[in-house]
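To start, the structure itself, in structure tokens.
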Amino acid sequence: MPRYRLLIEYNGGPYQGWMRLPGLQTVQGALEAAAAQLDGGPVEVTGAGRTDAGVHATGQVAHMDLRVDRPNKVADAMNYHLRPHPIAVLKADRVEEDFHARFSAIARHYRYIVINRRAHLTHDQGLAWRVPSRLDADKMHEAAQSFVGTHDFTTFRDSECQALSPVKTLTRLDVARYNDRIEFTCSAPSFIHRQVRSLVGSLVEVGRGRHPVKWAREILEAADRTRCGPVAPSDGLFLERVDYPAG
């Protein structure tokens, strides 16, 4: 059967995460229901990133196998059957049968958005974390560089994480301020459960002035989950892009 690669965006607010769960509304479940209507039978949709409840995506990638062999129609047909879900298939391409959205990926890129102001959120409600106290973005960026590279991220590993190893390689963790908007950009081949939100929550503690810059390295080297700062809420996290080998 033809295999299709999907580029997907969604507002994760209404969903209990990506993964299909009996009796709960999930992104994978909504996509599989739409694909079943398109293809006339059960379809498994496999995603590159298994985002948590409330986490959004602007560049999630998934694959599925269909009996339908109409590449130019798949995206429009999926979007028709997805209504009124806040999920959109931006693109659908035929790919080789050995392409796997999760296991073929070589990098994943996340962005976390903080709105640093006292006033409550309006347009960004549900799409950012509002932090009313003034944050020092330069100190957060400096502290973040302690996390770049290959490390044991036990401190930032959720207790529910099922990964075999806490060792991961961050290739980028930048923090930048744009007026009252602060963006955390994080890239790695793969992540452990809630790693990005754990990192952001700890960096915000530095930004608030509750800990010095050197604290970031200290808690990393401690390899102790109890040393992690508060986990940032899911609202501000976006899976922005997934990379694959050229060709």
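Counting starts with 1 at the first residue shown.
Including glycine, each Cβ sits where the backbone N, Cα and C put it.
What Swiss-Prot says about this one:
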- Asp52: active site, nucleophile (ACT_SITE)
- Tyr110: substrate binding site (BINDING)
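Remark: Tyr110 (substrate binding site) has Thr185, Cys186, Ser187, Phe191, Val196, Leu237, Phe238, Leu239, Glu240 as non-local neighbours, by Cβ distance under 8 Å and separation of at least 6 in sequence.
A simple way to gauge crowding: the CB of Asp52 (active site, nucleophile) has 20 other CB atoms within 10 angstroms, across all the protein chains here.
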